[in-house]
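Have a look at the structure below, then the notes.
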Amino acid sequence: MANGLPDPPCGLLTADAARSLVDSVDAFLFDCDGVIWKGDKLIEGVGETMELLRKMGKKIVFVTNNSRKSRRQYSKKFRSLGLEVTEIYVVGEDGILEELKLAGFECFGGSEDGKKNIILEADFYFEHDKSVGAVVVGLDQHFNYYKIQYARTCISENPGCLFIATNRDPTGHMTSAQEWPGAGTMVAAVSCSVQKEPIVVGKPSSFLMDFLLKSFNLETSRMCMVGDRLDTDILFGQNTGCKTLLVLSGCTTLPELQDASNSIHPDAYTNSVYDLVGLLQK
């Protein structure tokens, strides 16, 4: 029992459990925000942990839902969806635009549309590009009413237009000081306006695991997903057959894990990835 609360079904990681976990897997999948860093600050002991795991012959894979930076796997998954379209409208930042352009897609929107405003006047008609075949929504610091309307109009009025979300994270550690609204906030606004659910390509969707399996040729049972969020990282690991380790250095707190209403339980939990170093050297 911790903090007067009952122990969760999963256990606090011990030295024996840590050795057993490491021996049972060939690859560790690490979420980034709240696990490796918070904002621009590296979490203490991450470097030593990565070095130790590599020395033990483990593959290290960083798996993030943060679409502010370029991620090639997202564009590859778009291709697998049959996304052969003329134009893509992006509600997000430069990372998505760069990746889609590298993959050969024509796209627009992003940060530039954050500078645009709408003045609602009588009989105002919102013009949009009728060749847009997909709208991709991710984390966007420049989210505004113009972007919602452009996305809504494309999805609602362009025949067959796909609605794709990088992830549905409600919050994230955009700075080391506190949590901020995540991509799920933007996705929810667009989803509400079109009354339609998106195709989600980030965690906990299995799209990402399909990419990892092809890239690393490993069995999911020989992987361990390490993350700080129950509803994305840990659920992703469980949905795809990985072992799971929750770290309390990011979004999820021990009381939240122990709460009776929580139905997502990792195989084990610990304070931070650095705990592995101490436990494995005992």
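In case you wondered, yes, glycine gets a Cβ from its N, Cα and C as well.
Given the structure is predicted, the values throughout are model-derived calculations rather than measurements.
Features reported for this protein in TrEMBL:
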BINDING   D31, D33, D228  Mg(2+) binding site
ACT_SITE  D31  active site, nucleophile
ACT_SITE  D33  active site, proton donor
BINDING   K203  substrate binding site
For D33 (Mg(2+) binding site), just count the other CB atoms lying within 10 A of its CB, please.
23
CB neighbours of K203 (substrate binding site) within 10 A?
29
Taking the centroid of the Cβ atoms of D31, D33, D228 (Mg(2+) site), which other same-chain residues have Cβ within 8 Å of it?
C32, G34, V35, I36, T64, G172, H173, G227, R229, D233, V247, G250, C251
Have a look around D31 (Mg(2+) binding site) and count the other CB atoms within 10 A of its CB, chains all included.
26
